[in-house]
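Quick look at what TrEMBL annotates:
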type   : residues : note
DOMAIN : 140-228  : domain 'EH'
DOMAIN : 172-207  : domain 'EF-hand'
Amino acid sequence: VHAYIMSYLKKEMRGVLRKENKKKQLISNLPEIFRNIQLEHHISAGDFPDFERMQEQLRVHDFSKFPSLKPKMMDELDHMLTYDVAKLMPLVRQEELEMPEQLVHGGAFDGTSNGPFVEGIADGTCEGADDGDEWVVTKDKPKYDEIFYNLSPMDGKINGMKAKNWMITTKLPNSVLGRIWKLSDVDQDGMLDDEEFALANHLIEVKLDGHGLPTELPGYLVPPSKRRQVGSAE
């Protein structure tokens, strides 16, 4: 919709001498322009932006510098919305049906779901197994520690916002990261210490490698300092 609006405004400015007057006229006529575009391209009125807000924003722009419409790109976008997204929707629905109803408790996120992330993810099985009592994350912990201490932890922990800002750089969906947060915040205090942060990064790599995530944290993934705590709780 914005592409159609921008290209229309640009086209109307071609060959105009008194550009400022023409710009004011176009801004004033924005509701009518919306209606014309809606009819011409068969677009729902609900897909258009608030015209008053857009009028305010347009006042600081040079319409002649707006990009021209690229019909081929618009056709590809229309195909994606009509066919590709339609194919994805049943998969999203299936994921919603399978996602567990679990909440994170304690700390800054008491009563919220999946810490600083939105809720929802389908479960799977985490690859790997315990070799004796060794924590499977140990071998990669030094590289995770370097990241952790660069995030300037306070009292040995980073809060949910710092953790989230780092985790979203992985490009995983918030639903997946929310599940990883829940598994990693073992003591449920709304923060991550160095072991929990290392665990979160391990689970991120598991997911990026195409594997699933467990419903509950298996023993071989529980950080060493938390094992007695988890065992006592059980």
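Just so it is clear, glycine is given a Cβ too, placed from its N, Cα and C backbone atoms.
The structure displayed is predicted, hence computed values, not measured ones.
In this model, the domain 'EH' (140-228) carries an average pLDDT of 88. Helix, strand and coil counts under DSSP for the domain 'EF-hand' (172-207) come to 25 helix, 3 strand, 8 coil.
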